[in-house]
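Engineer: Take this structure first; my questions come after.
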């Protein structure tokens, strides 16, 4: 976590290979990723990392299920397998009734759930979430955090970038950044378990 | 008044800010205005100069001739026939060989009086009229020989000084001159397996000497023919007069009416003009396609500016006026430039009119040409701009300020179909599905271009056969080939501009979708191939439609307008059509590869 402009999003972009470092090294799962080709980085994004963005970044002309299956189709899955997986994910995230809706017909929380489902469709090693609740109201924020908690408990690794201390408090490990560098690291024993809503101050 | 100044100032500033796009807009409109100007100038060249020449030279209504001195009495009777008001001649005419600047040409030499004639007094455009020892050459003939006043020429080996160059309405200009000598003439090409009959003149020019000089050139009187020019009380009755007096072609006293001379004199210019006018309308369609894409792209880029204008009190009307004004300014500049270029280059395509007053060197622009070209330029701009301008003017100020992009279209069946295809095709079909109107413009643009090329192939094959058939002389074929070249160059240039502009607009419009696809795992190559394929697929469809029915219908339309015999034309062979479609697809792929490559490699993080 850290204030705006401290380099949080840049770090996330470097981890996912959307950007290349001007100095230093980036490794993922024990493998250098800063010196591999664009094609190899694209392959890495298909299977090893995926993104959840603050402003959802859903394709406006695609329905919820079409948005979710897109990542699997790009990874070369068959249309039938991709569709089945997308429908399962939407079902797990409580959106089975909204699968055929366009993003414009969904609430902010629902859109972010669709984005999370898309991020999970290729079963990545790690999900990189950039201010995933930044555009959501309190109720939707709680909704998404609950979703992340469930994912974490099921064994999914999440890297969440935020400047909101309440959100950061839900993590297992917290890195603080300032002016492009880490300034602090903490292990939070409470993590995402316990009274989540009360912890983040979203409910009494 | 203040509002008009504001509108113009904003329009000029925006044009200056986006110079490349402004230049592309200008090229698109300029192509159609130039071609239209050429077509209209040639239309005027096809009629006006002949009429001016007829007026300036006291042009005859009927030209009659006899091939021997014994028939002079017949001409004498004709001079006093009913309906004739004035006449000049009979003048002696002799066939001769003219040598000038190392070239030899057949020529018909007419013996004239030094004094002005009552009918058909050729208008001297350079130098003076005939005198003993001095020859006057018909202007188009002199032009073709590159001979001018002061030069020396030899007629049947005797040297004469060129004292003047003149035009006449009594026969079509070189190389279409009518035959007034008894030996007979041929203007078309000679088939390879035939020899020219002895004594027959090949593509003769026209020259004037004094009667005494013509008589001195004649070995004996039997070599002379005689020609007489008649003025009728009613020029419109010329054909009836010819029929009544037995002046049919091949008779003892052949006659030619002024209407048939007009048709022969302007035949080539009229054919060129029809080709250019049809080309101009095709280019107009292409210009609308380019403009629609350019304007759509520009207005998408101007969303925030539109929001700001409205936020500070600009009404939707003012916003629409600012957007329209930009394109109308470009259209006015394109019209002016097109008129200038068209008028300056038209003489290259009107060589035959060098033999007519007002047709030599300077093509005249009429007010109707200026008005029509300007109206077409403005019309193209308004048709292409009106919809996006009004849509932008009516957009929400808040979303415009937020620079919200126009939402893409959803084409469900195409999205479902694309899911079954490899990644580049999946992305390509979805790129196309987002903006179906742009795809239609791409298809239309290529279809119009390929239709034009189809017709060019037919006309080129037709002109290639001309030396054997003789409908056009070699010089006329050269002029028509030049017209086709102008067509081809402008058509292909504009089509290339269109392909690049449409790809670039697509790449810009898909910045976000491309970046997102790459964030989800698509490689830059896949995105590049998708952007290029999104252009190549419509190009393929456009090329097929351009061959059939496009090219076929366009050729049929040209045939109908020109009254040509389509059965005589050689239609392109199937292999040529397949090659045309493949070449179109390859050229579009090559043209779109650079913008697609740039679009596929934009930094993802900057966009997302």
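In case you wondered, yes, glycine gets a Cβ from its N, Cα and C as well.
Fair warning: this is a prediction, and the values are worked out from it, not measured in the lab.
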Engineer: Looking at B:414-438, B:439-463, which one does TrEMBL call transmembrane segment?
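Structural biologist: Range annotated as transmembrane segment by TrEMBL: B:439-463.
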Engineer: At a C-beta cut-off of under 8 Å, are there same-chain residues at least 6 beyond the transmembrane segment (B:21-42) that contact it? List them, or none.
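Structural biologist: For the transmembrane segment (B:21-42), the far contacts come to 15, 269-270, 272-273, 276-277, 279-280, 283-284, 286-287, 290-291, 294, 297-298, 327, 330-331, 333-335, 337-339, 341-343, 345-346, 349-350, 363-366, 368-369, 372-373, 376-377, 380-381, 486-487, 490, 493-494, 497-498, 501.
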Engineer: Under DSSP, the domain 'ABC3 transporter permease C-terminal' (B:488-595) has how many residues in helix, strand and coil?
Structural biologist: 95 helix, 0 strand, 13 coil
Engineer: Using a Cβ cut-off under 8 Å, which residues of the same chain at least 6 positions beyond either end of the transmembrane segment (B:484-507) come close to it?
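Structural biologist: Answer is 24, 27-28, 31-32, 34-35, 38, 275-276, 279, 282-283, 286-287, 289-290, 293-294, 296-297, 345, 349, 431, 435, 438, 441-442, 445-446, 448-449, 452-453, 456, 459-460, 463, 514, 531-532, 534-535, 539, 587-588, 591-592, 594-596, 598-600.
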Engineer: Could you tell me whether the transmembrane segment (B:439-463) and the transmembrane segment (B:365-390) have 3+ CB pairs under 8 A, leaving out pairs under 6 positions apart?
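Structural biologist: No; fewer than 3 Cβ pairs under 8 Å.
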Engineer: I need to check the long-range neighbours of the transmembrane segment (B:527-556): which residues 6 or more away from its ends have a CB within less than 8 Å of a CB in the stretch?
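Structural biologist: Contacts of the transmembrane segment (B:527-556) (Cβ under 8 Å, skipping residues fewer than 6 from its ends): 278, 282, 423-429, 431-432, 439, 442-455, 458, 499, 502-503, 506-507, 510, 514, 517-518, 566, 569, 571, 577, 580-581, 584-585, 588-589, 592-593, 595-597, 599-601.
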Engineer: Please give the sequence-distant neighbours of the transmembrane segment (B:577-598): residues at least 6 beyond its ends with Cβ less than 8 Å from one of its Cβ atoms.
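Structural biologist: Sequence-remote neighbours of the transmembrane segment (B:577-598) are 446, 449-450, 453-454, 457, 496, 499-500, 503-504, 507, 528-529, 531-532, 535-536, 539-540, 542-544, 546-547.
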